[in-house]
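The structure under discussion appears below in the form of structure tokens.
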Ligand SMILES: Nc1ncnc2c1ncn2[C@@H]1O[C@H](COP(=O)(O)OP(=O)(O)O)[C@@H](O)[C@H]1O
Ligand SMILES: Cc1cn([C@H]2C[C@H](O)[C@@H](COP(=O)(O)O)O2)c(=O)[nH]c1=O
């Protein structure tokens, strides 16, 4: 249940748990990272609700958006915003919640990209922006640490082709470059939008073995992240 606390709605009992968001470009290795940490007993992992974005009551807004972003961008991003909010507000048993992306990156990276690239009409962007502003003003969405899996767009392009998700066959290299640049502006240069938590940057172009080694090296920092 949501209750008012200091002017915002807060999910009961979740205030003292820590929230880690794994951020990064498409196919950067976020799910693989979450899978690795899911074996840790006091971490509960929440993957991105991609299956919902591919099937809402028999419709596939993710595929529609890639086919015709001008027409379906608002539809997909409205649903992404709802489902990400639902993920943030879900109750977990473990003291640490590790999430794939966040409502913040859905807005600051993907909505922003559609708008900046001229593929989202101004009115759609305005409606989504007002929704987003209302949500973050009225509902507590705490994040303790952002783990940014930093890759080159080229690495993501290769992994994307290897993963072979049907809807994403049409994604060109330029799309991954645009998403990469938005992530870099947000989390590295910190010049675009407010960053809701400290950022831990992990170089993620390495092979799986080296990635697991880096996750082990950073395990303590990740598990002990706490907001003030
Ligand atoms: N370090 C890595 N080296 C090589 N391939 C990887 C690595 N990490 C993930 N992959 C592969 O790349 C693809 C995308 O990884 P995934 O974890 O699904 O990325 P994301 O969740 O960020 O989209 C998958 O096929 C996965 O097996
Ligand atoms: C958050 C978000 C995602 N998408 C798209 C981008 C990808 O095609 C999938 C997510 O897959 P990933 O491997 O986890 O990156 O969804 C989008 O279009 N809009 C969004 O806000």
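Easy rule for this one: first residue shown is 1, then count along the chain.
Using N, Cα and C of the backbone, Cβ positions are placed for all residues, glycine too.
Feature annotation from TrEMBL assigns domain 'Deoxynucleoside kinase' to 20-224.
Look at TrEMBL and you will find 24, 25, 26, 27, 28, 29, 30, 31, 32, 159, 160, 161, 162, 163 tagged as ATP binding site. Around the Cβ of residue 160 (ATP binding site), 21 further Cβ atoms fall within 10 Å across all displayed protein chains.
The feature active site, proton acceptor is assigned by TrEMBL to 100. If you draw a 10 Å sphere around the CB of residue 100 (active site, proton acceptor), it holds 21 other CB atoms from the protein chains shown.
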Taking residues 24, 25, 26, 27, 28, 29, 30, 31, 32, 159, 160, 161, 162, 163, which bind ATP in the record, the widest Cα spacing (Å, whole number): 17
Contacting binding-site residues for ligand 2, chosen from 24, 26, 28, 32, 160, 162 when the Cβ sits under 6 angstroms of any of its atoms: 26
Binding-site residues whose CB lies under 6 angstroms from ligand 1, from 28, 30, 160: 28, 30
